[in-house]
């Protein structure tokens, strides 16, 4: 074997003995070029050796080149896999294609909230006391079916039609959490999340989704209220934030359409420090249906 071919083989061997060590796409391309040079060297040397052998010259060349190709192809595969993994796990804009990782969202059970730092919103003014207004994102859509009917008892279905917001088009993955609370803010029914909104149009986010209240109206305690918390995802901070909320009290439960006012976060389940979200005529639009046997 010539000195040039031996030198190339030594370079390959040293590189792969210490593991796949290509930090950029250009280094891998350079390694492929070196492999091609090595293969040509070995092919020329095999053709130049005329000794007595049971193999023909073509067979000798094929054996040598075939062995080298097999070994080097395995090495290149390992290098390529290592290079791709490096660039996927650590975002590299110089990689031939975009491998920027997608932020993960933590999934929480319906109604579960974690106390994280409060965020300042661009709406007018601050907020009152109540539940935390920001927490890790959950996968929306936890609606429950209607309860079985009971003689003399009334069930309530609320259709959430749309909500009016001045920046409706900027809300990402918006949904509404619906809960029924007593005067102390204690849950009277399971908490439900709507699916992500159907569409955003002008100053409205459209839902058109039915919520089945999980308690007969007659069994709700005095002073109870139904809360609607509008939430949306904030990719920069990687969590879902409550933007505003609304509520409907027991004397407002009646068949037909109703619009209710929006309040600033954080959600005040005790309804003691309420501040309107905006002076503009923007509301939560609902339609109620009562079922009674």
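For all residues, glycine too, the Cβ spot is worked out from N, Cα and C.
For 115-125, the entry in TrEMBL reads compositional bias 'Acidic residues'.
Marked as domain 'C2 Aida-type' by TrEMBL: 144-291. Confidence across the domain 'C2 Aida-type' (144-291), taken as the mean pLDDT and rounded to a whole number, stands at 95.
Annotation source TrEMBL lists region 'Disordered' at 115-142.
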DSSP helix/strand/coil residue counts for the domain 'C2 Aida-type' (144-291): 9 helix, 73 strand, 66 coil
